[in-house]
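Reviewing the structure listed below.
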């Protein structure tokens, strides 16, 4: 009793094998083998056009097996396809022969011996037939003379790249099929009802295949009209990578460059370091992106963004230079005011006396001056007659003054003397006073002295973010709207 399950299983297997043999088609007696049929066909076959009166109708379809990445530098992409051709050749019909099957799988060595439309991809850069391990070609001959050929191909085909919208761009790549040897009077090419099929979802590192389409055209060559079949693949770039690797770092770099507005105007080394570091960082990021793109003469969306960001960082450097300039201008104004105050404290007053407007000098607000010059025996002034201004704003001559030739005078007159009104005894003081006035430059001309560095920084810390926000609104609205329009089309 313990062997009942094993016996039941054996009986079921026997019944199933018997039913399978009953369903198997039996060849009639006297049926020819495939080799004998092919030898008979090829013995009388001539490799000429199948139909001399009309053009041969060739139907084509492709099955997309896989795709490689789209290369922007070389402007091409790689694709693996199963390329199928179907046509009718009455000379290969074996319906009149006693065949066991209605179709025969031919050896690939017989393919060069039969007529073919010689269809090729005229725009491919490279096309190879897979060999793993043998050549991946299948030829099936039907009893009515229909020939079905399938090649497993690896194709490298060009793409029409337009990078104006990069990295929000949409690219198209085209495969073009033609008969290399026969024009449309001999061979007509047609797409099958389901011309292109995807064997699996296509996922590329940088792109999504969003659409594909087929069409047929007729082109005029010097030797006639030729049928041309085209399949167009549309790819949309995944820009998430560039958002993370390009846009976010530039945002951070721009914000870092604005930190200099919060520093003191006197912190020139720190502000310069921040600005130059931000500028170098943006330049490095821009170059890192451009090295993976072809050299095109038009402006890309990424170019607009990077150049705009570089302009904003450069603007912070210009603002720094402006702040430094007006800071120096303010210092010059303050220094000029101090020097003018010292000049007012050392003016020459009427009647040969000098009165200071400050209250810190000795001698009751008077200075000592040589009122009557003395001369030596040669009639020349003594070397002690050279006037000098003391550190307290007093004017005296070199050398120890003599009581005989000194006179102290004080007046209440506030009318200053001009050089023409100076007494003869003070004519020798004219160069000294002129030198004093020439060493005190006038304040800077123009209205830059009215600005204050702190006010410029406060204005910049508001104006730069507002301008950058406006730039962002215009930039993203322009390019994203064009991207949506392309998707809609």
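Backbone N, Cα and C atoms are what each Cβ position is placed from, and that goes for glycine too.
The feature signal peptide is assigned by Swiss-Prot to 1-20, with sequence analysis given as support.
What Swiss-Prot records for 21-240 is topological domain 'Extracellular'.
Under the heading N-linked glycosylation site, Swiss-Prot lists 44 (among others), citing sequence analysis as support. Listed in sequence order, the residues of the same chain lying 6 or more apart from residue 44 (N-linked glycosylation site) and placing their CB within less than 8 Å of its CB are 91. DSSP assigns residue 44 (N-linked glycosylation site) to coil in the three-state reduction, outside any helix or strand.
Among the features that Swiss-Prot reports, N-linked glycosylation site is placed at 103 (among others), with the record citing sequence analysis. If you take the C-beta of residue 103 (N-linked glycosylation site) and look for same-chain residues 6 or more apart in sequence within under 8 angstroms, you find 140, 141, 142, 143.
Taken from Swiss-Prot, the feature N-linked glycosylation site applies to 144 (among others), supported by sequence analysis. Under the three-state DSSP scheme, residue 144 (N-linked glycosylation site) falls in the coil class.
Under the heading serotonin binding site, Swiss-Prot lists 180, 226, citing a curator's inference as support. The DSSP secondary structure for residue 180 (serotonin binding site) is coil.
Within the chain, the transmembrane segment (241-261) has long-range Cβ neighbours (under 8 A, six or more residues past its boundaries) at 167, 206, 270-271, 274-275, 277-278, 281-282, 285, 289, 302, 305-306, 309, 312-313, 316, 319-320, 457, 460-461, 464-465, 468. Sequence annotations record features per position, and here Swiss-Prot assigns transmembrane segment to 241-261 (among others).
Sequence-distant contacts of the transmembrane segment (274-294) (same chain, six or more residues past either end, CB-CB distance under 8 Å): 72-73, 75, 161, 163, 166, 242, 246, 249-250, 253-254, 256-257, 259-260, 263, 300, 302, 306, 309-310, 313-314, 316-317, 320. Summarising the annotation, Swiss-Prot assigns transmembrane segment to 274-294 (among others) and lists sequence analysis as the type of evidence.
Outside the transmembrane segment (304-324) by six or more residues, the chain places 246-247, 250, 253-254, 257-258, 260-261, 265, 268, 271-272, 275-276, 278-279, 282-283, 285-286, 289, 453, 456-457, 460, 464, 467-468, 471, 475 with a CB less than 8 A from a CB of the stretch. Taken from Swiss-Prot, the feature transmembrane segment covers 304-324 (among others), and the record attributes it to sequence analysis.
The annotation topological domain 'Cytoplasmic' is assigned in Swiss-Prot to 325-458.
Annotation source Swiss-Prot lists region 'Disordered' at 365-398.
For 372-391, the entry in Swiss-Prot reads compositional bias 'Polar residues'.
As annotated by Swiss-Prot, transmembrane segment applies to 459-479 (among others), with the evidence given as sequence analysis. Note on the transmembrane segment (459-479): residues 165, 168, 254, 258, 261-262, 301, 304-305, 308, 312, 315-316, 319 of its chain, located 6 or more positions outside it, place their CB under 8 angstroms from a CB of the stretch.
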Would you mind ranking the binding-site residues 180, 226 by how many other Cβ atoms sit within 10 Å of each Cβ and giving me the lowest? 180
Inter-residue Cα distance where the pair is residue 226 (serotonin binding site) and residue 144 (N-linked glycosylation site), in Å: 27
